[in-house]
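Asks: This is the feature table in Swiss-Prot:
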type	residues	note
ACT_SITE	P2	active site, schiff-base intermediate with DNA
ACT_SITE	E3	active site, proton donor
ACT_SITE	K58	active site, proton donor
ACT_SITE	R278	active site, proton donor
BINDING	H99, R118, K161	DNA binding site
ZN_FING	252-288	zinc finger
Amino acid sequence: MPELPEVETVRRGLAPVMVGASFTTVEQRRADLRFPFPDNFAARLEGRRVEALGRRAKYLLADLDDAQVLVMHLGMSGSFRIEKAGDLASPPPGKNAAHDHVVFGLSTGTRIIYNDPRRFGFMHLIARQDLAGHPLFRNVGIEPLGNELEGALLARLFAGKTTPLKTALLDQTLIAGLGNIYVCEALHRAGLSPRRAAGTLAGKKGQPTERAHRLSEIIRAVLEEAIEAGGSSLRDHRQADGALGYFQHRFRVYDREAEPCPREGCGGTIKRIVQAGRSTFFCAKCQR
């Protein structure tokens, strides 16, 4: 499933094309994806102008000029493809056009095609004033890319928790958008074991420890590095221009079971365990 860097990469690719343009046509080719499309989906979008394209957690948010927000989630295999006027572009390899489920025609002549072989993605229309309180968003945690994510916040969120640190970091009600790949990578860079209790990031009086400060900085750094690399293309992820991400070539631990730990002087071996149903990759020697 695309994680925050992949969704943010898609947002940055779509924004220059979508923002300021209007939907002249919307071709909805099936009744549902993961969930049914909203009633009169195409009719409610046609003629509307996109005023901004944002992101909340792993959701893309297109602000429309009628105070509605088009909420889009990529699911497991969703992707957007941009076809500019005059292009003879075809679906990327492995992306059969039969899986092109929504085609947005823009006032600029550009088409944006949503492709989703597994159909776990979905789209909703929500009134802007209702967005924060909507069930999709009302329990979503803080954004990890902003200044809000700092050691003091991690200490406050995790104080007293005996939950394993990696499991706590994946709790979307605490921190939004973090996924398995980038949590594994951040914990290795921070030298912290995924099995240590999350509460150890706070001192006895709830104050942030050095670990909390270090981890918050590294989480932001890993996410920003991944975004600059276009995300990680393991199965389905492509950028809006069809290019692959390449952060997967920088993985230190994720999917590298039995390989030597890349930390200089460590000499350990990357291990794989299962936590809360998810594979965790780490080095038991240098991650404490």
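A Cβ is built for glycine as well, from the same backbone N, Cα and C atoms used for every other residue.
Are these features on the surface or tucked inside, and what are their neighbours?
Replies: Cβ neighbour count for P2 (active site, schiff-base intermediate with DNA) (all protein chains, 10 Å cutoff from its Cβ): 26. The secondary structure of P2 (active site, schiff-base intermediate with DNA), as reduced to three states from DSSP, is coil rather than helix or strand.
The DSSP secondary structure for K58 (active site, proton donor) is coil. Cβ contacts within 10 Å of K58 (active site, proton donor), excluding its own Cβ and spanning all protein chains shown: 21.
Taking a C-beta cut-off of under 8 Å and a sequence gap of six or more, R278 (active site, proton donor) has these contacts in its own chain: L170, N180.
Sequence-distant neighbours of R118 (DNA binding site) (same chain, 6+ residues apart, CB-CB distance under 8 A): G75, M76, S77.
Residues 164, 166-167, 170, 180-181, 184-185, 187-189, 191-196, 234 of the same chain lie 6 or more positions beyond the ends of the zinc finger (252-288) yet place their CB under 8 Å from a CB of it.
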Asks: Please work out the number of neighbouring Cβ atoms within 10 Å of the Cβ of K161 (DNA binding site), leaving out its own Cβ.
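Replies: K161 (DNA binding site): 18 neighbouring Cβ atoms within 10 Å.
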Asks: For the zinc finger (252-288), how many residues does DSSP put in helix, in strand and in coil?
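Replies: DSSP composition of the zinc finger (252-288): 0 helix, 14 strand, 23 coil.
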Asks: For P2 (active site, schiff-base intermediate with DNA) and K58 (active site, proton donor), what Cα-Cα distance in Å is obtained after rounding to a whole number?
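Replies: That separation, Cα to Cα, works out to 8 Å.
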Asks: Over the zinc finger (252-288), what is the model's average pLDDT?
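Replies: PLDDT averaged over the stretch: 98.
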Asks: Cα-Cα, whole number of Å: H99 (DNA binding site) versus K58 (active site, proton donor)?
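Replies: Here the two Cα atoms lie 21 Å apart.
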